[in-house]
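Participant: Structure below; questions to follow.
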Amino acid sequence: MRVRPKRSVITLMAIVVVMLILRNQFYSSRTRGHGQEPVISSSQKNLYDGWITPNFYRKGDPLELIVNKVESDLTQLPYAYYDLPFTCPPTMHKKPLHLSLNEIIRGDRKWESDYKLKFGEDNPCETLCARKTTKEGMQTLDKLVREGYVVQWLIDDELPAATTFISTTDHKKYYASGFPLGFIDPDTDKTYLHNHVMLVIRFHASDNDKNTIVGFEVYPRSVSDYHCPGASKNYEQYEIVIPEDENELTYLPFTYSVYWREEFEVDWNHRWDYFLNAGELSDEQSIQFHWMSLANSVGIVLSISFITLIIYVRVMYTDKSNSKSPKYMINIEGIETEDDLDDDKYGKYSVYTVAKDWIQNGRPNLFGLKVLILLVSFGVQFLFTIIGSLTISCSMNKLHNVRNSVLTMAILFFVLGAFMASFVGTRLSMVTKTKRTKANYLDDNRYLKDYKKFSPIFTILCGSSLPGIVMVSTFLLNSIVWAHDSTSALPFKTIVFFMSIYFIVCIPLSLFGGIVANNIPLPQYWLSGITKDESNSDGNGLFVPKSRAKFNPLVYCGIYLCGIFPLLVIYVEMQYVYKSLWLEKTTFYYFYGFLFLSIILLCVLTMEISIIGSYLLMRFCFEDKVVRNNWRWKCFEMGFSGGVYMELYSLYYIFAVLNIHGFSSILISICYSLIFNVMCSLGLGALSYLTASWFINKIYHQKVNL
């Protein structure tokens with residue numbers, strides 16, 4: 001017993017180390033800039049009161065343009081910009097930037113570039129390089145242009161290069177992150193390279209010689225030579241021609257021009273507004289649309305809540321006077337008694353007796369029960385991750401780049417969720433062990449000693465299996481991406497980092513959670529409510545007619561129909577998230593508040609459906625031996641079915657909406673959506689099981705205490 005404090009200290013130290021590492025990873029990209037610490041006055045502190053302060057520039061200050069990667073909506077394979085065989089390579093003094101964990105997972109590869117930018121100084125024409133490339137390089141260029149790849153650049157630490165367009169709904173200017181690598185002539189099917197870029201950098205003057213950058217617009221052009229067209233349209237475009245000779249070299253001219261323009265209407269605090277919404281709806285209409293969707297979800301939840309309240313009141317108060325159920329006896333010859341022939345027995349049947357029968361007389365498969373507890377612990381860990389990360393991220397309302405905060409918090413809570421998963425798994429194991437073995441002991445002391453036996457292996461499985469499965473699956477998919485030389489492949493150092501976190505933090509946290517759960521005694525009513533003799537000889541139990549267990553399709557249809565309602569609640573936010581992550585990688589999802597509220601409503605709805613479903617099972621399936629022995633699985637499947645519909649919608653989105661090309665990209669999309677939706681199913685299933693188990697046990701213990 002003396003080693004437990006040491007385990008606790010080691011575990012807490014590991015948690016602190018992980019939090020410090022993730023904190024440094026998160027803020028590392030914030031400290032990169034042009035090398036100057038901004039001097040902020042007291043008035044500017046009030047103006048930029050937030051976690052991130054702007055960089056201030058004076059005329060002539062150097063500004064670094066960061067090149068990153070190229071990516072396409074048609075594939076899941078981004079590539080580093082400087083790894084491409086047709087781009088201008090960096091000079092010797094240009095270095096790669098340190099990447100945070102979020103950027104590595106997103107596939108970023110940031111480098112300093114040779115583009116010369118000085119604040120406030122226009123440059124009408126500048127030659128970057130004449131890139132020498134081979135036939136293979138030209139083939140790669142033609143392939144990427146045909147697959148719709150866009151180039152991702154950055155300035156001022158995190159501000160993306162943007163393509164500008166005017167919305168057809170409100171006629172306002174909007175940005176789409178990145179600019180196309182080239183284009184295809186629809187008439188001739190020829191491809192052209194964007195080898196000239198006109199950079200328009202917009203700045204806002206907040207004070208004398210204190211300027212902030214609020215926009216980075218890129219206007220790409222395809223030019224056949226080294227001259228800069230400017231606003232002229234009278235120039236010859238550069239056609240991508242693949243040479244026939246393997247040894248023939250092609251020289252690609254790259255030029256650029258820079259213009260600085262002052263922006264009076266947009267300040268630094270609102271520079272991301274142009275990237276949001278993408279102009280499909282006006283800002284007011286978009287917010288109204290989400291509020292209407294949220295109102296519909298609230299209406300669904302309130303309707304189900306009303307039904308749940310009626311059931312709860314009827315079970316807990318109205319039926320209390322009728323708690324003594326009729327006796328359904330069977331004689332030796334199998335002839336039913338007069339009580340059994342009551343035509344109205346199903347309508348008058350008491351759920352109290354069914355609850356007692358399920359808990360005391362159910363004969364679940366012990367291995368299946370252990371598997372169920374494992375799945376419930378997985379779901380608890382995922383719920384802890386989603387709700388915890390969104391709660392913290394939504395509180396960061398003054399953090400400009402919320403994407404980094406969500407991903408960082410998700411990783412942190414997923415690691416810390418090992419404690420919650422092992423805690424819940426150990427407690428459930430203690431409860432089910434209590435109900436299963438109490439009748440076998442005549443000595444209460446021996447019984448209490450047995451049910452408190454601690455199983456470290458099972459505890460570690462509860463807390464560490466889900467992170468291990470996700471990690472192994474990710475590494476397997478990573479090998480596919482690595483074979484294509486894509487930047488979305490995790491580097492070896494990152495893989496070692498995740499494995500270290502798993503063995504140093506997840507496993508000790510799992511063990512610690514099980515120890516804590518095992519040292520907390522069960523409530524007294526759990527022990528006092530279970531008699532030493534669990535037979536039905538007192539005449540108050542349920543004697544089910546001897547029948548062969550068989551598959552009941554109506555039960556399964558009803559269970560899996562329960563998943564439609566959760567999909568209706570989360571459907572709109574799923575559309576926006578999928579569009580941001582898959583359909584248009586260049587857009588930003590920013591409705592985290594609506595997403596958080598939708599998830600809360602989803603959880604409430606799942607809990608209510610589990611109560612309604614378990615009540616209906618007790619009312620109409622009390623003679624079903626399969627339901628009696630596996631009621632825990634049925635309650636779990638009620639919530640699990642919601643994730644099944646989410647996965648079906650994900651498959652529809654991948655094949656019908658995304659139009660992804662390539663077997664590898666399709667396989668990666670399907671696998672990642674399957675991993676995520678399985679975890680969603682486990683989370684909803686765990687919530688459904690815990691709620692239904694609480695409801696059934698509350699009925700049972702209330703009956704015992706009558």
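Glycine too: its Cβ is placed from the backbone N, Cα and C atoms.
Note that the coordinates shown come from a computational prediction; the quantities given were computed from them, not determined experimentally.
What Swiss-Prot records for this protein is below:
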type     : residues : note
SIGNAL   : 1-33     : signal peptide
TOPO_DOM : 34-290   : topological domain 'Lumenal'
TRANSMEM : 291-311  : transmembrane segment
TOPO_DOM : 312-371  : topological domain 'Cytoplasmic'
TRANSMEM : 372-392  : transmembrane segment
TOPO_DOM : 393-405  : topological domain 'Lumenal'
TRANSMEM : 406-426  : transmembrane segment
TOPO_DOM : 427-456  : topological domain 'Cytoplasmic'
TRANSMEM : 457-477  : transmembrane segment
TOPO_DOM : 478-494  : topological domain 'Lumenal'
TRANSMEM : 495-515  : transmembrane segment
TOPO_DOM : 516-553  : topological domain 'Cytoplasmic'
TRANSMEM : 554-574  : transmembrane segment
TOPO_DOM : 575-592  : topological domain 'Lumenal'
TRANSMEM : 593-613  : transmembrane segment
TOPO_DOM : 614-637  : topological domain 'Cytoplasmic'
TRANSMEM : 638-658  : transmembrane segment
TOPO_DOM : 659-665  : topological domain 'Lumenal'
TRANSMEM : 666-686  : transmembrane segment
TOPO_DOM : 687-706  : topological domain 'Cytoplasmic'
Participant: What residues elsewhere in the chain lie close to the transmembrane segment (406-426), defined as a C-beta under 8 angstroms and at least 6 residues from its ends?
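Facilitator: For the transmembrane segment (406-426), the far contacts come to 15, 18-19, 22, 25-26, 101-102, 105-106, 373-374, 376-378, 380-382, 384-386, 388-390, 392-393, 454, 458-464, 466-467, 501, 505-507, 509-514, 516-518, 592.
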Participant: In the same chain, which residue numbers or ranges, 6 or more beyond the ends of the topological domain 'Lumenal' (478-494), come under 8 angstroms Cβ to Cβ?
Facilitator: 69, 76-80, 83, 101, 104-109, 664, 667-668
Participant: Taking the transmembrane segment (593-613) as the reference, which of 372-392, 495-515, 554-574, 638-658, 666-686 gives the largest number of Cβ pairs under 8 angstroms?
Facilitator: 554-574
Participant: Do the transmembrane segment (291-311) and the transmembrane segment (554-574) come close, with at least three CB pairs under 8 A (pairs 6 or more apart in sequence)?
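Facilitator: Stretch pair touches.
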Participant: Looking at the stretches 372-392, 495-515, 638-658, which one shares the most CB pairs under 8 Å with the transmembrane segment (554-574)?
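Facilitator: Stretch with maximum Cβ contacts: 638-658.
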Participant: Provide the three-state DSSP residue tally for the topological domain 'Lumenal' (478-494): helix first, then strand, then coil.
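Facilitator: Looking at the topological domain 'Lumenal' (478-494) with DSSP, the answer is 9 helix, 0 strand, 8 coil.
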Participant: Could you give the number of helix, strand and coil residues in the topological domain 'Lumenal' (659-665) as assigned by DSSP?
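Facilitator: Across the topological domain 'Lumenal' (659-665), DSSP assigns the residues as follows: 3 helix, 0 strand, 4 coil.
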Participant: According to DSSP, how is the topological domain 'Cytoplasmic' (687-706) divided among helix, strand and coil residues?
Facilitator: 18 helix, 0 strand, 2 coil
Participant: Hey, which bits of the same chain come close to the topological domain 'Lumenal' (659-665), Cβ under 8 Å, at least six residues off its ends?
Facilitator: 74-77, 147, 480-481, 483-484
Participant: Under 8 Å between C-beta atoms and at least six residues away from its ends: which parts of the chain pack against the topological domain 'Cytoplasmic' (687-706)?
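Facilitator: Same-chain residues near the topological domain 'Cytoplasmic' (687-706) but 6 or more away: 315-316, 320, 323, 351-353, 355-356, 358-359, 372, 376, 379, 383, 525-526, 528-529, 603, 606-607, 609-611, 613-615, 618, 631-632, 635-640.
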